[in-house]
Structures are given as C-alpha cells and as structure tokens.
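Asker: Please read through the structure below; I'll follow up with questions.
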C-alpha cells in the first residue's frame, strides 16, 4: 500500500511538470484569413515625382543618427535631398540643414522598382523633435520625428511590438490600434513585412503598397526590423537567386555601426535598452559570421548603461502552437546558453500567427546521458514572446498543443500588438492588446523585473480578459 502511494505521488509530480497553470485564452476569432487590401487602397501621393513610402530607422549605435528613406518614380535633380531642422516655437526662424541620400533601384522578374533613396543624418541632439522634408517643387512632403533620449540606465522609453503585419483589413486594425497609443515612441518589428511573396512571382508591387500603408507610422517613428521568411524572396526558377534582395534594397539599417558584416544581424542601443537583431534564415552555426558577431556583441553589452537586453529573431524558440512547432530548435540549441549567461530580458519573435508569452525557462542542461530534455524554470532566462499576430493574409494559427506545456504562460489565437513601457533599470510594464470589437483590448500583461538589476520572479498581473 505504501509503495502504491509513493507511485501515485511520483505520477502526480510527473504530470505537474508537463501540465501548466498557464492560460489558453478562450477568446474565439475566425481562422479565416483577413481580406487583403488592394493595390489601389493606398495610391501614390499626388504631385510630379512625389516621394512615397517614407520611413525612418536608427542610423547609428547610440541614437544620434537616423536613416530617412523614401521612393520616387524618377531620379530627378533634388529628388535625393532631405531638408531637416529642429522644431522651434513661435517666430524663431529654424536653422535648416540638408542631407543627400544614396540612390538605387532594383529589378525583380518583370518588375523595376522606383528610385530608392536612403539618407543618413548624424549628429542629432538627443530627445529633440525634428521636422524633415523630401521632394521637390510642388511635391514636397513634410514629416517629423523625435530623437531618442541619451542612453542611460533609468531612461524611460516605450516600444510598440508588431510582427507579421502584412496588408489586410486586420493589419490595418493592428497598426492603427498601436498608433492610437500616445505613449509609443518606436516599434520593434520581428519580421514578415509585406507578404509580397504570397502573390504570383512575388509581386513586388505589394512591397510598394505596404510601404504606403505603414508610412503614417513609419515616417514618424523609428522601426527596428528583423528579417523574416517572407523577406527571403529566393526564387531561382524565375531568375531571382539572391535572397533578401527587395528587403535589403528597401530597408537599410546601420549594421556597420555594431561591427556586423550583414544588415540581417545587427544591434543598437536606444534609451535604456540594448537591442540585438538576429537572422533565423542566415547561417548561425559555430564560427559562421553571425555566430562570431553575436559572441562579441554579447560581451559588449554594458548593463550599467543599458540594463534592458532585448533580442529579436523571427522564428520562435519556445512555441506551443502546432504551426512551425520547433522550427527554431537548432538556433535555440546553439545560443540559448549564451542568452541565459547574459541574462537576456526578452526575446521577441514572429512567424507563428498567434500570440504567446512564455515563463522564464531554459533547456540548457541536457546531454545525451542525463535525460534532462524538458525546459525548467530559470530566473536567468528571458521571457519569450511570439507575436506573429499582426494580421497578415495567411490567417490565424489556431492549433495549440494540448495540454498547454509548462513553459507557456499565456497564449491566444487572435490578432494584435504589444507595448513595452520601460520605467527604469528595474521595472518595465508589458501589455498585449488583441484586436477585438474595434478596440485594442489589453488581454495579457505583466510587470517585468530586470534580470541584471532586479532578478526577482515576476507575478502574473494580466490574463484577466481571457
């Protein structure tokens, strides 16, 4: 009898390691793909050779530079010039400066792009609003941005987080829900932008329409991009053997500032965050360029200056959805111990078209003899966020594994976006907002504790609207 009781306790404990107290939301959204917006939904702006698809990214390592990008139909004199100045009050005459962009175009199958202009502006003042203009004669268009505050450990800053956006009616809802939040200052975007490759011959016009679609946000706020599988555009059967060609031509970044040799992996420092961007679809095995770069970059992180260490990589390492299940496993096995040793705070991914937040877990103790092959709680591990739920044409990934595994804290098969409000070196507030009834409902939230300065276990503070 005593032996039976012992066996019963053992079985119960074994089950407890697999079945989680996490939440699988019962909110139901149709699995049908959202309607894609047509090419005509976002027409080119009026005016001769008017600039379009305007967007900005950080142009250096620490936030005193910006890359302003735009597209024009023709490469006319002056079309590569950007004029910019500090916003001033009253009758003060602004001191205007000019920058000159590099200009290129590309061909893809039967498509020829417009002229792609990328102007790098350096020496900006921190935490300052700038006005900028692109275009010539009667086609000048004006925008603005605010440079980030100077890097420091207690600098508050708010990031939006959007992934796998595409250009459907649901995508539009996601983007404008984020834009309605006055706190958002920059966007972390872990891949899959236009979904042009879901159309015949990777219809490059969808890259143009996507650029026009996101311009109302991307021309005013810095986007930090990771490349996803829908950016690969590798189609040798139609004469396109060069991976990432449209993405690299259209979306420049300051990768050289972080000593990277590729725009597909790089890092920046912004306010109190050190952000590392990795490429799921570039070689990352031992001694490859990405491996060597990441090893060196993690050594450079100074948590006394940038306490919040955030990584973006498109394919998730912890995912309990049957869609793309364990696709990120080889990269996890390669780098997870580095992330734990470096006390990474957050890892942001897309790829899976639903939402999930993990517990702080790791699976780094496994070897072929000890059988420790399941993730366990680890206070030094990051929280993994899967946010491939922007609204793209492929629809919702609504097939979660059952039972919910112990590493999964909250999961929901619906569209939305997230917001990360960094308060200081110890605390940041994270919320995920589902698209529901035309409102960005806050469905999941948690107060994050910094792994370097305050490595205390977080208490669940959300999941009240499941």
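Our numbering is plain: 1 for the first residue shown, then up by one each step along the chain.
From the backbone N, Cα and C atoms, a Cβ is placed for every residue, glycine too.
Sharing the record's features from Swiss-Prot:
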{"type": "ACT_SITE", "residues": "324", "note": "active site, proton donor"}
{"type": "BINDING", "residues": "192, 229, 314, 351", "note": "Zn(2+) binding site"}
{"type": "BINDING", "residues": "229, 351, 352, 353", "note": "substrate binding site"}
{"type": "CARBOHYD", "residues": "172", "note": "N-linked glycosylation site"}
{"type": "CARBOHYD", "residues": "367", "note": "N-linked glycosylation site"}
{"type": "CARBOHYD", "residues": "424", "note": "N-linked glycosylation site"}
{"type": "SIGNAL", "residues": "1-21", "note": "signal peptide"}
Asker: Tell me, in order along the sequence, which recorded positions from 172, 324, 353, 424 have their CA within 10 Å of residue 314 (Zn(2+) binding site).
Answerer: none
Asker: Using the alpha carbons only, what distance in Å do you get between residue 229 (Zn(2+) binding site) and residue 324 (active site, proton donor) once rounded?
Answerer: 12
Asker: To the nearest whole angstrom, what is the C-alpha distance linking residue 324 (active site, proton donor) and residue 353 (substrate binding site)?
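Answerer: The separation of the Cα atoms works out to 10 Å.
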Asker: Can you name every residue in this chain, apart from 192, 229, 314, 351, with its Cβ inside 8 Å of the center of the Cβ atoms of the recorded Zn(2+) site?
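Answerer: Near the Zn(2+) site, beyond 192, 229, 314, 351, sit 163, 164, 190, 191, 228, 230, 231, 280, 315, 350, 388.
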Asker: Would you mind listing, in sequence order, the residues at least six apart from residue 192 (Zn(2+) binding site) in the same chain with a Cβ closer than 8 Å to its Cβ?
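Answerer: Sequence-distant Cβ neighbours: 163, 164, 165, 166, 228, 229, 230, 231, 314, 350, 351, 388, 390, 392.
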Asker: Can you tell which of the recorded positions (314, 324, 351, 353) has the fewest other C-beta atoms within 10 angstroms of its C-beta?
Answerer: 324
Asker: How many whole Å apart are the CA atoms of residue 172 (N-linked glycosylation site) and residue 353 (substrate binding site)?
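Answerer: With distance taken Cα to Cα, residue 353 (substrate binding site) is 16 Å from residue 172 (N-linked glycosylation site).
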Asker: Pick from 172, 229, 352, 424: which of these recorded positions has the biggest number of other Cβ atoms within 10 Å of its Cβ?
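Answerer: Output for this query is 352.
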Asker: The record lists 229, 351, 352, 353 as binding substrate. What's the largest Cα to Cα distance among them, in Å, rounded to a whole number?
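Answerer: Value for the max Cα separation, rounded to a whole number: 13 Å.
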